[in-house]
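K.L.:
First the structure, then my questions, so here it is.
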Amino acid sequence: MSGRTLLLSPPSLSSQPERLNGILQSYDRKTTDLQMLDRLILGVVNLPDAAYSRIIILAGEEDSISESSKLTTRETFSHIARSLQKGGYICSQHEQQGQAFDHNEAVLVGLIPTDNGKFVKPDIEDMRAVPLRLGRKKHDKTISSNLAEPVRNHQASPTVAQDQAEDGFRYSSGRNIVTASAHETSDNEIIDEEDLLDGSELAAPIIQPPECRPKAGRRRRACKDCTCGLAQKLEEEDAMRRHAADKQLGAMKLSHGDLAEVDFTVQGKVGSCGNCSLGDAFRCEGCPFIGLPAFQPGEEIRLLNDDIQL
């Protein structure tokens, strides 16, 4: 079969360029691609669908395929199988069946094993459904007809048929076969949920269950599916507390007199990187001098009328 070839190499083989080049020389470089298994697992590389006629998993150190077998997980192997063309196959470098990947994983993704250790992707379009005609014995047909005889001869009484017809069931004439329509509904069966409770019931106070009542020394907690109103009440209390805390911890406003002089170069106040004086490009994320221009170490910085003066 003519087509492109994909070589999947374990990461240990990348440290042996001479051996890797020797393997590549045995394949046509114009129609051969090389990918690393670890990059495929991490999602750095995405293989195109139905692009290769054969995929070969290379051996690692000392011609061992155990490393490749550990890296080919179910998700990775499924992605590799999707990149095969119909009729293409996947195998190990030495065509040793069962060493480069698991048999079960190959079968689960739809590949068919062969005698030479290759797993072939079948051409589903060539497969057709074949009807199976199962013959029945004449004796069984006779028994079935005899069993159905009393049922056909049995007639439903008119009273029963009339009563059950009023319940929404229909009977075929002359037989006791019930055919009920699941889609037939009456308008009377639809109940408006707004009519279930009247005004007096809605105005009645909610009785709190004993398990929802607060215990001494503990904060009340609502049930997971609370219906007594405790969960809504606790949410309102928490919202009020957060609003009060945000109001107290509002943004601090400085007057014009408070901005007379601020020295940012206090001795001992430096960032963890030690590059605070070089500018924001060299400062770490938590540096106290972020936003200030570059300055000389020990230089005094003043803020007058919101303007930085060195």
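Positions of Cβ are set from backbone N, Cα and C atoms, glycine also.
Feature table excerpt (Swiss-Prot):
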- Cys212, Cys223, Cys226, Cys228: [2Fe-2S] cluster binding site (BINDING)
- Cys273, Cys276, Cys284, Cys287: [4Fe-4S] cluster binding site (BINDING)
- 1-130: region 'N-terminal SAM-like domain' (REGION)
- 131-203: region 'Linker' (REGION)
- 212-228: region 'Fe-S binding site A' (REGION)
- 273-287: region 'Fe-S binding site B' (REGION)
- 273-276: motif 'Cx2C motif 1' (MOTIF)
- 284-287: motif 'Cx2C motif 2' (MOTIF)
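What does the local environment look like for each feature on the list?
P.N.:
A 10 Å cutoff on Cβ-Cβ distances gives Cys228 ([2Fe-2S] cluster binding site) a total of 16 other Cβ atoms nearby, all chains included.
The average pLDDT computed over the region 'Fe-S binding site B' (273-287) stands at 76.
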K.L.:
Among all the protein chains here, how many other CB atoms are within 10 A of the CB of Cys287 ([4Fe-4S] cluster binding site)?
P.N.:
17
K.L.:
Just to verify a number: CA distance, Cys226 ([2Fe-2S] cluster binding site) to Cys287 ([4Fe-4S] cluster binding site), in angstrom, no decimals.
P.N.:
47
K.L.:
Helix, strand, coil: count each for the residues of the region 'N-terminal SAM-like domain' (1-130), based on DSSP.
P.N.:
48 helix, 29 strand, 53 coil
K.L.:
To the nearest whole angstrom, state the Cα distance for the pair Cys228 ([2Fe-2S] cluster binding site) and Cys287 ([4Fe-4S] cluster binding site).
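P.N.:
Between the Cα atoms of Cys228 ([2Fe-2S] cluster binding site) and Cys287 ([4Fe-4S] cluster binding site), the distance comes to 51 Å.
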K.L.:
Of Cys223, Cys226, Cys276, Cys284, which of the binding-site residues has the most Cβ neighbours inside 10 Å?
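P.N.:
Of the binding-site residues Cys223, Cys226, Cys276, Cys284, the highest Cβ count within 10 Å belongs to Cys276.
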K.L.:
How many helix, strand and coil residues does the region 'Fe-S binding site B' (273-287) contain under DSSP?
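P.N.:
Per DSSP, the residues of the region 'Fe-S binding site B' (273-287) fall into 6 helix, 0 strand, 9 coil.
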